[in-house]
Structure formats: C-alpha cells, structure tokens
Amino acid sequence: MSVEELSKEQVQMLRKAFDMFDRDKKGYIHTNMVSTILRTLGQTFEENDLQQLIIEIDADGSGELEFDEFLTLTARFLVEEDTEAMQEELREAFRMYDKEGNGYIPTSALREILRALDDKLTEDELDEMIAEIDTDGSGTVDFDEFMEMMTGD
C-alpha cells in the first residue's frame, strides 16, 4: 500500500500512534520504535524487511523519522482490513482481560497487553503510555479508551 492509498482514518490513526511515541513532541520518532508501533496496530511483518525499509527511508542514517517518513514506511506494512473485523478482534481481546465483564480493565492488564505487543518497552515507557491512556487516573481503561489507543478513533 502507498501513502496515497491510505484513508483519512488510517492517516489519523498513524498520526495518533506517531504522537504517542513522540513523547517530547520534537516532530520525530526513533527508528527503533517503528516495530513497536506496527505491532501495537496489529500488523505482522518480517523484522528484516522492516529494517531494510528503515535504511531506505532514513537515508541520512540519523535514526529519526519525521511523520511523513513514518507514513511512507508504515503504509507499506498496513494490511487493508475490514474495520468492523478489526474492531471485533479488539473487542475480543478486551473481553479476555475484562474477566468480570464490567466494561473496563485495570491498567495492570493493559500493561500486560502492551508488554506482549512489544517486550522491549521499558517500565518508564509503559508508565507514560498508560498515563496517556488513563487520563482520569482511575487505574482502569474502558473499552472506548482501549479502542482509541489501539486504533486512534
């Protein structure tokens, strides 16, 4: 898929993911975060393919990608998937952690999900991501917050 083929919703989702990892709001992310972002978005890929593409797109070898470069790179890995099917998969994943069926999961469960998606995340990175998602500090994440985090919607 090319950047031109991305829907407005996909670009918004990727912007949200990019911003989540651009913690200092410098306008770029480090190339080592790309695989984490792709996994968070539920994309599968060969690590070697990703590294080769990063080398191509990060031509100056700075290890930093601006949003347009990130968009070019991630567009190649995005699989066109029915939005409803993706939402259903996420709903199912949420239900697995919402053991009591009360409509929310503790942030500790969210931490497990994020760690499962990328085992290279540090405790500080996990804390920052959870703080961004659990904006009211309740220690829980409801399905809407979970969906917003996972899809940018």
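Using N, Cα and C of the backbone, Cβ positions are placed for all residues, glycine too.
Residues or ranges marked as Ca(2+) 1 binding site in Swiss-Prot: Asp58, Asp60, Ser62, Glu64, Glu69. The 10 Å shell around the Cβ of Asp60 (Ca(2+) 1 binding site) contains 6 further Cβ atoms across the protein chains shown.
Close to Thr140 (Ca(2+) 2 binding site) in the fold, though at least 6 residues off in sequence, lie Tyr104, Ile105, Pro106, Thr107, Asp134, each with a CB less than 8 Å from its CB. Taken from Swiss-Prot, the feature Ca(2+) 2 binding site covers Asp134, Asp136, Ser138, Thr140, Glu145, and the record attributes it to sequence analysis.
The annotation domain 'EF-hand 1' is assigned in Swiss-Prot to 9-44 on the grounds of sequence analysis. Mean per-residue pLDDT, taken over the domain 'EF-hand 1' (9-44), amounts to 85.
Residues annotated as domain 'EF-hand 2' in Swiss-Prot: 45-80. In the domain 'EF-hand 2' (45-80), helix, strand and coil residues by DSSP number 20 helix, 3 strand, 13 coil.
Within its own chain, the domain 'EF-hand 3' (85-120) is flanked in space by residues 32, 35-36, 39-40, 42, 126, 129-130, 133-134, 139-143, 146-147, 150-151, which lie at least six positions past its ends and keep a Cβ under 8 Å from the stretch. The domain 'EF-hand 3' feature in Swiss-Prot is assigned to 85-120.
When DSSP labels each residue, the domain 'EF-hand 4' (121-153) comes out as 20 helix, 3 strand, 10 coil, counted as helix, strand and coil in that order. Look at Swiss-Prot and you will find 121-153 tagged as domain 'EF-hand 4', backed by sequence analysis.
Taking H, G and I as helix, E and B as strand and the rest as coil, DSSP gives the domain 'EF-hand 3' (85-120) the counts 24 helix, 3 strand, 9 coil. Other residues of the chain with a Cβ within 8 Å of the Cβ centroid of Asp134, Asp136, Ser138, Thr140, Glu145, the Ca(2+) 2 site, are Tyr104, Thr107, Ile133, Thr135, Gly137, Gly139, Val141, Asp142. It is Asp136, among the binding-site residues Asp58, Glu69, Asp136, Glu145, whose Cβ has the fewest other Cβ atoms within 10 Å in the structure shown. Each of the binding-site residues Glu64, Asp134 was scored by how many other Cβ atoms lie within 10 Å of its Cβ, and the smallest score goes to Glu64.
When the binding-site residues Asp58, Asp60, Ser62, Glu69 are ranked by how far their Cα is from the Cα of Glu145 (Ca(2+) 2 binding site), Glu69 comes first.
The binding-site residues listed here (Asp58, Asp60, Glu69) include no residue with a Cα within 10 A of the Cα of Asp136 (Ca(2+) 2 binding site).
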